[in-house]
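Participant: Here you go, one structure.
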Amino acid sequence: MAAVVAATALKGRGARNARVLRGILAGATANKASHNRTRALQSHSSPEGKEEPEPLSPELEYIPRKRGKNPMKAVGLAWYSLYTRTWLGYLFYRQQLRRARNRYPKGHSKTQPRLFNGVKVLPIPVLSDNYSYLIIDTQAQLAVAVDPSDPRAVQASIEKEGVTLVAILCTHKHWDHSGGNRDLSRRHRDCRVYGSPQDGIPYLTHPLCHQDVVSVGRLQIRALATPGHTQGHLVYLLDGEPYKGPSCLFSGDLLFLSGCGRTFEGNAETMLSSLDTVLGLGDDTLLWPGHEYAEENLGFAGVVEPENLARERKMQWVQRQRLERKGTCPSTLGEERSYNPFLRTHCLALQEALGPGPGPTGDDDYSRAQLLEELRRLKDMHKSK
């Protein structure tokens, strides 16, 4: 019955995803009594022994468009619900993890750590385009992992650095950011798992609210609530003052180099407010995003602002990096202000080109939110060259 429901929900929304889901369902049916799989789903729905999940929040927006590509790229509301609220999402993540490990045995990109007066930030390429991070106090030899979706890759980096993992910071619940929580927290028994209690983070031990601070050695990391991609999405700001270096923003799926995340669980006003939260940070703040999307995002930025010279210079640099499979993070918030269209909704040129004009009461935030929604719609239909 589950296979029929899932196949019906996905009808017309991408044959490839339907085939993947049917394969997962078939495998799951054959192994449905597996003890290990069902135990792995703490904080998420499982096929038995759990109450039925509540309906999706009415704030969750999914608006099919009349032309162009489906903005959720054949994911759809039904698949999103399955991915985030049932055990099928975990099985899908495990399948993607195996494929990525086979395709990119050394990671999808070549990355370099950044060292600042005894604090090291180490990007770890995982899955097909994700980044996890280790934040290390090199004097105390203590480490914090951000979004450790591939526990094997993160553990290898921990062992190579010779550090003790004491905390995991999860930006949000999606499996490509939280999938390694179980294995790492079991391996490192004193490791704490931080995240939003609103998001159903797997193996969460220490819930965080807006402006809460996590202290590890000299590391002072502040959680900032940034809902929109998910209801409980958090970003993490490493304070640069204790080590006399730049602050670092670990942005998950809120903000990318020249892009921002999809609004799965909110609306344009919510996402605009979250983006404005990080816009209030200093220009020298380093941006460490959750995905390697730079080249595609800059290509879209060139469509909406073709005469933006800052974007053109950054695109040339990114293309040189990607020719050698080098990662493109970090950028700075100062750079992002100059070319990221999702941070430029206040710019008159963009408003005149794409915006709907002022709101019914002349509210500037209304027109900026409408412009952000239009940018998101255009980006979802954009095909990078």
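Glycine too: its Cβ is placed from the backbone N, Cα and C atoms.
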Participant: Looking at the Zn(2+) 2 binding annotation from Swiss-Prot, with Asp176, His177, His291 already listed, which candidate in Asp137, Asp239, Asp253 is the matching residue?
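Facilitator: Between Asp137, Asp239, Asp253, Swiss-Prot records just one in the Zn(2+) 2 site with Asp176, His177, His291, namely Asp253.
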Participant: What does Swiss-Prot list, out of His206, His229, as binding the same Zn(2+) 1 as His172, His174, Asp253?
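Facilitator: Site partner of His172, His174, Asp253 for Zn(2+) 1, according to Swiss-Prot: His229.
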Participant: Report, in whole Å, the straight Cα-to-Cα distance of His229 (Zn(2+) 1 binding site) from His177 (Zn(2+) 2 binding site).
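Facilitator: With distance taken Cα to Cα, His229 (Zn(2+) 1 binding site) is 13 Å from His177 (Zn(2+) 2 binding site).
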Participant: Could you give the Cα-Cα distance between Asp176 (Zn(2+) 2 binding site) and Asp253 (Zn(2+) 1 binding site), in whole Å?
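Facilitator: Here the two Cα atoms are 10 Å apart.
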Participant: Using the recorded Zn(2+) 2 site (Asp176, His177, Asp253, His291) as reference, state which further residues of the same chain have their Cβ within 8 Å of the centre of those residues' Cβ atoms, listed in sequence order.
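Facilitator: Going along the sequence, the neighbours come out as Asn130, Asp147, Ser149, Thr171, His172, His174, Gly252, Gly261, Gly290.
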Participant: What's the CA-CA gap between Asp253 (Zn(2+) 1 binding site) and His291 (Zn(2+) 2 binding site) in angstrom, rounded?
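Facilitator: Computed Cα spacing between Asp253 (Zn(2+) 1 binding site) and His291 (Zn(2+) 2 binding site) is 8 Å.
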Participant: Helix, strand or coil for His291 (Zn(2+) 2 binding site)? Use DSSP.
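Facilitator: Its secondary structure by DSSP: strand.
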Participant: I want to check the contact list for His172 (Zn(2+) 1 binding site): same chain, sequence separation of six or more, C-beta distance under 8 angstroms. What comes out?
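Facilitator: The list for His172 (Zn(2+) 1 binding site) reads Ser178, Gly195, Ser196, Asp199, Ile201, His229, Thr230, Gly232, His233, Leu234, Gly252, Asp253, given in order along the sequence.
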